[in-house]
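Remarks on the structure that follows.
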Amino acid sequence: MERNLKNVLVISFGFLLLFTAYGGLQSLQSSLHSEEGLGVASLSVLYAALILSSMFLPPVLIKKLGCKWTIAGSMCCYIAFSLGNFYASWYTLIPTSVILGLGGAPLWSAKCTYLTIAGNSYAEKAGKNGKDIINQYFGVFFLIFQSSGIWGNLISSLIFSQASNKVEISEENLACCGAYDCMTDTTNTTGSAEPSNSLIYTLLGIYTASGVLAVLLIVMFLDQIKSDQAETEKEILETPSFWSTFLATFQQLKDKRQCLLIPLTMYSGFEQGFLAGDYTKTYVTCALGIHYVGYVMICFSAVNSLCSLLFGKIFQFTGRKLLFGLATVTNTACIIALLLWKPHPKQIAVFFVFPALWGLSDAIWQTQTNGLYGVLFEKHTEAAFANYRLWESCGFVIAFGYSTKLQVYIKLYILLSVLVLSMVTYGVVEYLEAKSSPGTPPATKKENVGPVTQETHM
């Protein structure tokens, strides 16, 4: 097997194992730990810590440890979060959320840098377009990575389905589900009773083991890699100060294009936060029960995974503008429909239609937004993708932060407003690019392209 492809597969399956655990836990936080909003509070704190991590840690750790060991070390932070869920309280879940947040930005930045270097290296050897190779590598990565949601949510639903204590849902309780929710804790009064501790511990044990296997896979099989932009030994040994790293991260804001991409990047956090924090609790758990959350999120993950691969391949034929347009229309239609729909157990198919369409649009937001970052900021990949994680995390923090304070219909209007603003500012970026390089021929084989991240998903 070609060496670069082997490394792409190792990283992809490592993330698959890691996010099988984290993705399943994130989908369940708002429903499983609903008391006093602990679940969504932990997610908000998690992404707030990720913001701080994005400011300081990625360039420091990548230069000091290299991409491989940065990935392995950061994965251990995710395992800590799984352990914190064994006894969920403000004193266990919040600190482990902070730990995970601090490890999140280095993990994704190191992964992006690694795959970008691998893609450019192979493109140069094969005489191919670097942008196309990188998009293919990330298409493969997203295909494998996004399927983690399938396995993580399948595990949770199969385990929670073993509970026999179902609760009959009254029409009065159903009236509190959906966009015009009653702002009360409907989790334990509708759908199903809270799962037993033995079922929860079984689930958490499986998730923790999955995270440990991810770390072992990276440590044992991933090759170390160095940037093709050669650094002197002195530069490698000199660890930059936190202040200089902070300045390097925010240096990107001098670029007008980076500032214009902030709304689009934050929208990625808003839309993922709504699906994980609000749709799962106010629509699914409220009307069907917590054991359906996993099945519904499997639908999202499956469509997301397949579309990620598809869009990674057809990008070179359609261009990103057409794909962004498709995502905008799809998300807008979903938001309007969610405002109008009153969830009911008899309409069970509808519960799966929304996450399927959401998965299609999210696949575009992830592959194309990150691909856009890679193309625009190829000379400053680490700082650029630290910015990506920072602003996406701001979207998550805001979305989870007001999750227990606002009714769902208000959140949907906010989501729609941010989407419209994002498309306006993105259009300006495309205009500036077209204006700065009119009639530019296709990129040559020497073109270097920055990384294309995901992100769902932290």
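Glycine residues also receive a Cβ, built from the backbone N, Cα and C atoms like all the rest.
TrEMBL annotations:
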type	residues	note
TRANSMEM	39-57	transmembrane segment
TRANSMEM	69-88	transmembrane segment
TRANSMEM	94-117	transmembrane segment
TRANSMEM	137-160	transmembrane segment
TRANSMEM	199-222	transmembrane segment
TRANSMEM	289-311	transmembrane segment
TRANSMEM	323-341	transmembrane segment
TRANSMEM	347-365	transmembrane segment
TRANSMEM	410-429	transmembrane segment
REGION	436-458	region 'Disordered'
Inset, instruction - For the transmembrane segment (137-160), find every same-chain residue at least 6 residues outside the stretch whose CB is under 8 Å from a CB in it, and list them. - result: 4, 8-9, 11-13, 15-25, 27-28, 115, 118-119, 192, 195, 199, 202-203, 206-207, 290-298, 300-302, 304-306, 308-309, 311-313, 363, 366-367, 370-371, 451-454, 456-457
Inset, instruction - With the transmembrane segment (289-311) as the reference, find which of 39-57, 199-222, 347-365 contributes the most Cβ pairs under 8 Å. - result: 347-365
Inset, instruction - Output the single range from 69-88, 94-117, 199-222 maximising the number of Cβ pairs under 8 Å to the transmembrane segment (39-57). - result: 94-117
Legend entry - Close approaches to the transmembrane segment (69-88) from elsewhere in its chain (Cβ under 8 angstroms; 6 or more beyond its ends): 11, 14, 18, 21-22, 25, 32-33, 38, 46, 58, 61-62, 95-97, 99-100, 102-104, 106-107, 109-111, 114, 201, 204, 207-208, 211-212, 214-215, 218-219, 222
